[in-house]
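Some notes on the structure that comes next.
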């Protein structure tokens, strides 16, 4: 048995940050455990190749169970099973969300003004420092090095439709359309493994164990003491003298809690799992961003289908620019679909490529694809285990559109997308819509949404602050156990979730080390 002060479970967006920050203290022995392998695949690091990681050994390869309001389809849920986690296979979009998202949580220490210093601490933004941006941090944030004519035309078309331009979605205002900043360094992906963990691996007090799948948390007299798992076929036991910290994500952290006996007691007893703590909120409150895409196919040879051509390969190898540097959704925007809303309710992601079968199919045509994403859905689902087998996939039901208001927002967003497609700057690219709605009537657009909705891969909420963990992310009713990942977010933020999870981990490291919080930002 190996003993550490802290054992962090999950080497993803949060876990790599935690391991790096905690091990800054040379007196702390830190072990980071990751179920997947090291991030050596070149497809991890070349930005436009992230889709090649789907349904591979580097993916947990989850699906929802039948989604009742999405024509009972099972919807694919990619999750990184590799060092860096989903920060090693996402689309690299750097968005923090709207300040109201954090203020509405009502958790002490978690307002926007209190979290902004942690965003700034993590960031090394190539635009330089300012009120809303930091430099010198481990996470490289840059402007994209691929500017496709289709995505540029989309921003112009949004302007023609009456929407403002926005050069910085993480600045004073979120509304408008423009180019996304991305987590890239010199045209390569900057995951949390690259940015935070790799520079820390030389420390003698930091141990990294990849290829170790955790089966359960161990305990003694009600206190979490470590974990048991398997690595290369052998059982491994690790002891944590101070804390076990779950950073396994919104699906796997509640799964591990339930496998360890923390969860709904009736479910655990039915599976012959000894009940440690009856906590029905574990795995509940699951939220995600549903998105419905429009795919406009055409004959212009400008999509990412040309990324592998010799000239583009040469440009990337020599200069780290061009289509291979594309993150996919190069541009986008935030809109309020009704007057009087306090903040945007729809986000657009716009990519110079075809997204057949929700992004899983092989593109067959040059295309411009974009989707309307419901930013603050009211619908919630749940993660549950169906067996005591720790290697089995959890049962996931998101319940997309269970609240009819979410479907209303999706339809309004779809109408905005169709209107932008009709604007002059996009005319040469939007003449033919692949899998078009039958008409633009409300009923046909609702049917289209239900038939074609996919996930934007942003699950949160299953170990939420205020119900499963406290404001210091300690599991309520259990000593020696914290959760630090997307599952602790009580509600979704308006935007992509990677940057918020990194900020959560930055703050958690201060909480764990009992360091004073920085002064709230004056913004």
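One-based numbering along the chain as shown.
Glycine too: its Cβ is placed from the backbone N, Cα and C atoms.
Curation plays no part in TrEMBL annotations; they are all automatic predictions.
Listed in TrEMBL for this protein:
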- 80-103: domain 'Glucose-methanol-choline oxidoreductase N-terminal' (DOMAIN)
- 82, 86, 90, 91, 92, 93, 214: FAD binding site (BINDING)
- 249-263: domain 'Glucose-methanol-choline oxidoreductase N-terminal' (DOMAIN)
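Location within the structure of each feature annotated in TrEMBL.
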| residue | record | Cβ contacts under 8 Å, 6 or more apart |
| --- | --- | --- |
| 82 | FAD binding site | 34, 36, 37, 38, 39, 41, 44, 53, 58, 88, 89 |
| 86 | FAD binding site | 12, 13, 78, 79, 80, 249, 457, 498 |
| 90 | FAD binding site | 50, 80, 457, 496, 498 |
| 91 | FAD binding site | 50, 327, 328, 329, 349, 496 |
| 92 | FAD binding site | 47, 50, 182, 183, 184, 189, 190, 327, 498 |
| 93 | FAD binding site | 180, 181, 182, 327, 329, 332, 349, 496, 498 |
| 214 | FAD binding site | 9, 33, 35, 227, 228, 229, 248, 256, 390 |
Restricting to the domain 'Glucose-methanol-choline oxidoreductase N-terminal' (249-263), report the mean pLDDT as a whole number.
99
Could you give the maximum C-alpha to C-alpha distance in Å for the residues 82, 86, 90, 91, 92, 93, 214 that bind FAD per the record?
30
When the domain 'Glucose-methanol-choline oxidoreductase N-terminal' (80-103) is classified with DSSP, how many of its residues are helical, how many are strand and how many are coil?
9 helix, 2 strand, 13 coil
